[in-house]
Amino acid sequence: VLSFIIFICYIASLAASFMMAPLLEFLLALFLFFAYASKLNEKFKGVHWPLADFLRCVTAAIIYFAISIAAVSKYSDGASKAAGVFGFAGTIVFAIDFYITFNDLVTFLKQGSSDSPEGHKTE
């Protein structure tokens, strides 16, 4: 929802060139939400879903931070300032999501690595 709000703010501002980053982030978040909701992560075991979510969070936090600094410092209209402020809030939200997803990713990787040695020991 926050990515969609940032997207709307960038459309209404003079900094409309930055609108593609929140739009892509919104679409990626929507795709991953529906993938988890429809249990695609259980059907497609070859895709590392926690890693995909982790990379989405990291790139979103970095990109939102960068474009928010540019929007607040370069443009003077109210919509650009609002988009920058929401972008900074988005950076914080994605950093928190990054931390939570990182813990899930570590658990996922430990679970995968503990299965491998047992398979080799039984052979």
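Backbone N, Cα and C define each Cβ position, glycine as well.
Residues annotated as domain 'MARVEL' in TrEMBL: 1-106. Positions annotated as transmembrane segment by TrEMBL: 7-37, 49-71, 83-102.
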The mean pLDDT across the domain 'MARVEL' (1-106) is 89
Using DSSP three-state counts, the residues of the domain 'MARVEL' (1-106) come to 91 helix, 0 strand, 15 coil
